[in-house]
């Protein structure tokens, strides 16, 4: 019999599987709503400790109490957020534990329920419901218990456990899953019925009998995904969910104040919708990694990335900075369960991918599994290089590494790759024909030449002695090379095109014109204060970079100054410097020939379209760039002050080694170095360090503040260096070296130049960090 004094709704559905992660739902990451809102997540250390962070970006572990927290809370297996508070199921005893940030160690669960065991919990606006049972064993269903708080600002002032949520009919049911909102809870019974109860449950206005496989609740609404059609349905207050997206099915949902977000089944990307949300707002979710878990507060959504289990947060209603800056911690991808076999379309998370030798499971009980949904495809710019299996999800690989036809279509490069492959085969055939032809011709010439040797031995040697030799007058310490036998008067000495490191050559103007196709724009690599830089291929096939001075540079400098600078540049040789190979000064031109750097600039890898750099590569680049700058400051005589150290002047060679570029040809006044000049280079190098650590541009007009130093330094000085670390790439297990590097960058960009370290000290510190290595 159903008491009339209680309102509830029943929707009959069969064999329901629900994944929830939202307001009033259960997951490994959850958010408390309201002015006193905060996020918490379960870490991936295997201890199931809880880490929380609030709007002030104060990060704390509830299990490792800092000085401002008295006592501590137990490890937990699942979390659920309410209005200003969170509740959880403890991992060791399967009991309920609720808290707020005023005193996280105080359990707000009424004493009558504190010693009961629960397998799931769902926090609402000011009430909590939990399913009796053990999450780690036994049946996955049980009766539901509810309690209510009369005052959210003082939870202990009124506990109405025998309240409007107490219902004899509800007490008689066995539930598998539950969610809660403002004045209502909904649960899936053992028989597959969806039942909603509470004083406001009638406002949900359910209008169909869909079978939902995913369900989430907001304050005054519920959204679900149909198991059969994959279609999204929402009920209740339309201002919370707005227009629904027409997308492939979602495998998880999360609800905020006026928005919902979902993880797509196919590529595990996140999409958001709701009131006043457009396509650009929806796309504010990170697109460099899929997600395994998400949760929302009023206007912010946070999630656990599938790439590296790192937390990421973003604002949904606008593109400004997120309210919450999560700590650099790896978090659990899902809830622990006693399922031995995860089933079709699922895989069991393997803790070995975290590469911690002693870590075998993320669950307190090692017989438990974390079952996650398989991905089918990958985000744009990636292709699946392996498919999902019972022990691992599919692997997504950048399209830049696509090497065969299996990924051409996905990466949209089939036609290009096929054409390149055909052209490569044609070049190989032509090369083979040329080699065979030249070999035969050479053999014939040798036979003919041998027949004339006796007649040539009587020739005069004076012919050779009369051939004059001219050498380069600028590069005194370099090898001399034979010049053209018929030089043009009043022009520079012309050298052969063979180029080798250690020799600085003089090139013909015509030769460099041919090598650059007449200095055409399509061969242009870049532009600078000195002039233009062109990619060139010499007649012997060697790739070089040719820097051509513009008219202003030529007018404002004299020949003697040019020669003096050449004399210095000719002596510079270092593995982390873009070395000068030669020059040309014919017809008033000033052309410098440098080593060609095929992998472009550091700037383009950090901020452009070139491939992303992992942390090992970034640290190596920091160290190598510091070595190059140290060489200029301390080993060259006279010392060279760069005056323009920036990511676009750090180039990467064929082996991805960093080279300092664009440091020569300054005026004689500029060449006079001083300590203040060196400290200026150190400041610029500090900016480079901040760019590498954060992935942010030195000047970003779309951010406030625009300058990277103005943005990063206050955070570092407040002990929040983790907030600047780039989360778009897989983080190392131990981020402490990165935080130390942030502190080093802060020293380098100090306003008082006397407080900055010199480049030699920076180099020593970087060397120690790189030698210690990073653990991934």
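Glycine too: its Cβ is placed from the backbone N, Cα and C atoms.
Just so it is clear, the model here is predicted, and its values are computed rather than measured.
Range with Swiss-Prot annotation transmembrane segment, chosen from 370-390, 391-411, 412-432, 433-453, is 433-453. Cα of residue 92 (N-linked glycosylation site) to Cα of residue 525 (ATP binding site): a distance of 61 Å. A gap of 18 Å separates the Cα atoms of residue 374 (disulfide bond) and residue 287 (N-linked glycosylation site). You'll find the Cα of residue 205 (N-linked glycosylation site) roughly 41 Å from the Cα of residue 396 (disulfide bond). For residue 371 (disulfide bond), the spatially nearest entry among the recorded positions 287, 378, 388, 525 is 388, judged by CA separation.
For residue 527 (ATP binding site) paired with residue 388 (disulfide bond), the C-alpha to C-alpha distance reads 47 Å. When secondary structure is read from DSSP and collapsed to three states, residue 533 (ATP binding site) falls in the strand class. A mean pLDDT of 89 is what the model gives for the repeat 'TNFR-Cys' (341-396).
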